[in-house]
Amino acid sequence: MASVSERMAAAPSARAAVDAAHLHRAIFVGIAIFLAVAPFLLYPVFLMKVLCFALFACAFNLLLGYGGLLSFGHAAYLGTASYICAHTAKVWGMPPEVAILLGTAAAAALGFVFGSLAIRRQGIYFAMITLALAQMVFFFSLQAPFTGGEDGIQAVPRGHLFGLIDLSRDTSLYYVVAVIFLVGVLFIYRVIHSPFGQVLKAIRDNEPRAISLGYATNRYKLVVFTLSATLAGLAGATKAIVFQLASLTDVHWTMSGEVVLMTLVGGMGTVFGPMVGAAVIVTMQNYLAHLGAWVTVIQGVIFVICVMLFREGIIGVLARRLKRPL
Amino acid sequence: MKTGRMLLATALVALFAGGAEAQVSVKLGVLNDRSGTYADLSGEGSVIAARMAVEDFKAKDKGINVEIVSADHQNKPDIGSNIARQWYDQDGVDVILDVPTSSVALAINQITREKNKIFINSGAAASDLTGKQCSPNTVHWTYDTWALANGTGSAMVKAGGDTWFFLTADYAFGHALERDTIAVVEKSGGKVLGTVRHPFPGSDFSSFLLQAQSSGAKVIGLANAGGDTINSIKQAAEFGITQAGQNLAGLLVFITDVNALGLQTAQGLVLTESFYWDLNDETRAFAKRFAEKSGGKMPTMVQAGVYAGTLHYLKAVEALKDKDSAKVMAKMKEMPTDDPLFGKGQVRADGRKIHDMYLFEVKKPEESKGPWDYYKLVATIPAAEAFRPLDQGECPLVKG
């Protein structure tokens, strides 16, 4: 009898999960189709910027939304990767794919080191440690001779992908960036729906309970921290190729703040929220640029409205309305 | 019937006459900081200056249609380069003007070259724009770090300030500024008694200022920028350094900084600029008209540079009746420059615009006769000596 009622209870939730998976697949297909036609409707360089920041925000969301860890130093990984990528592409003459991989690897290594220090503390202390370490990276970037100080690394060649595809054409580069973005977010999607992701959510919701169930929570936290840093690095390295420059903006603490803003506006802990958040913020920075000082004011007002009225973010509210996880 | 035909004929003649006057449409984009540190220095004032240049040139009567757009790059190179690409690729912008902040300016420099458009920089200090990274599509109008270091360094030594102590921001920019100024000071026969590096960005300069004070140097050179310079000047005033007879020399200070500091704090500071509104009748006339449009603010040298650069560009377009980038750039370099704000000058092969620079000292509060009456002229650095010699910039355009 008991087993029947258990099965009855389990069935709808299993069906819901399958439903959600179908929905998500449909959305991903929708995104892929949109990305395929977007450069005919919108300016490709702008789209590439949105994609880089969307990937950055998704990587951050993996840590904050699913790991429950608020890092306030994610600019360090974005910026390090973009410096390494720019330097290897420009000075060492690496092809773009190798430069991006080297940048990403540098961010991964940095994430591992910083992560293993930061996860020893929780809450505000965790955030402060990540911030402090990121400030050290900023200082290093300011001082190190290869970063060019406040001038940054300029005139990074876009090069030829695999020696074949000329990336100096905006459209070809756009499709490369779109593929990198899709691979990145699908990887994140896979991670959060894997057993590893389930444990991660358990740790986020109740860490002592996860420990009592026998999970080595620190190891999980370190892995997710490193993954997040790596993907942030992927975004940063790609951005360096897109804009052909790496500068202090990418390692500055305001960049760490901006990614928090993007994630919160879009919807923390949702799959698609950070993408929407990044698109909203980047679009504002870009299309409201002629309003001058008002951009930052509007950005602030939107953030306040978002926090006061819909704390789950745009996609979070949408998901609640639709009663579906997004 | 006959009158009707006459009318038609007249209309046709008028139409053809209008068509015969070659119409050139150009679009100018003013890209600068409209919300941050450099908003006062460039910002909306630069847009006003560009509009005034178009008006004064009477572009419409000369068959040139000018449209001006503007945007805020927020001092971020990625935002700036995104806007610039969009302007060039989609919005049909022909020229980008102003662009303070070195990192953004260098990025726009590259994009402009790639897209074969024209970049007339006024706001940025980076001397690399006409040095290692020089481009056939860039004109650097108003000033650069070399000119500021040179002007302040040499003219101060000549004026008797022959012993120096440097307060330097500890990063590449500060080091470069310090190195360039030391070279000039020593070449002019001065002596450097010492240097001290302060962290960037810094807030407490007291210990560094005390070292500078006790060094006994006649001049304390501030090899820093922005907030650091403001803070060090404020704290120097609290120590009474200038009142005690030492001179503060700002190597990257603008009139807007002096305005923000107030004369009480900034008095006695010496600095180099390429334009001051109260230099002569022509600059005063321009400044008066400018102030009417900008709510009483006087033009800065950066805004003056946007005005003069726009004027020179329009002259080249008028002469050619064409806006082809290569032709216009060649014309701008070939034609000597002449405008009411910077006087006569030229654009060199490396893109550097050459004109006089001026060494100013900030007045004491009792010497000032009204708002914006801030400077007294100490020395004029003639155009020939004011900028880095053509062969020392390592600009590939010059060698080739």
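Just so it is clear, glycine is given a Cβ too, placed from its N, Cα and C backbone atoms.
Keep in mind that TrEMBL annotations are predicted by a computer and have not been checked by a curator.
According to TrEMBL, the transmembrane segment annotation covers A:26-46 (among others).
Long-range Cβ contacts of the transmembrane segment (A:53-78) within its own chain (Cβ-Cβ under 8 Å, at least 6 residues beyond either end) map to 107, 110-111, 114, 118-119, 126-128, 130-135, 137-138, 180-181, 184-185, 188, 191-192, 197, 200-201, 203-205, 220-221, 224-225, 227-236, 238-239, 250-257, 259-260, 262-263, 266, 268-270, 273-275, 277-279, 281-282. Look at TrEMBL and you will find A:53-78 (among others) tagged as transmembrane segment.
The list of residues near the transmembrane segment (A:98-117) in space but at least 6 beyond its ends in sequence, with Cβ under 8 angstroms from a Cβ of it, reads 73, 76-78, 80-86, 88-89, 129-130, 133, 137, 159, 180, 221-222, 225-230, 232-234, 236-238, 240-241. Taken from TrEMBL, the feature transmembrane segment applies to A:98-117 (among others).
Under the heading transmembrane segment, TrEMBL lists A:124-142 (among others). Long-range contacts of the transmembrane segment (A:124-142) within the same chain, counting only residues at least 6 positions beyond its ends with a Cβ under 8 Å from a Cβ of the stretch, are 69-76, 79-80, 83, 110, 114, 117-118, 149-150, 248, 251-253, 256.
What TrEMBL records for A:172-192 (among others) is transmembrane segment.
According to TrEMBL, the feature transmembrane segment maps to A:222-247 (among others).
TrEMBL lists A:259-284 (among others) with the feature transmembrane segment.
Summarising the annotation, TrEMBL assigns transmembrane segment to A:291-310 (among others).
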Distal contacts, the transmembrane segment (A:291-310) - CB-CB under 8 A, six or more residues away: 261, 264-265, 280-281, 284-285, 316-317
Range from A:26-46, A:172-192, A:259-284 with the greatest count of C-beta pairs under 8 A to the transmembrane segment (A:222-247): A:172-192
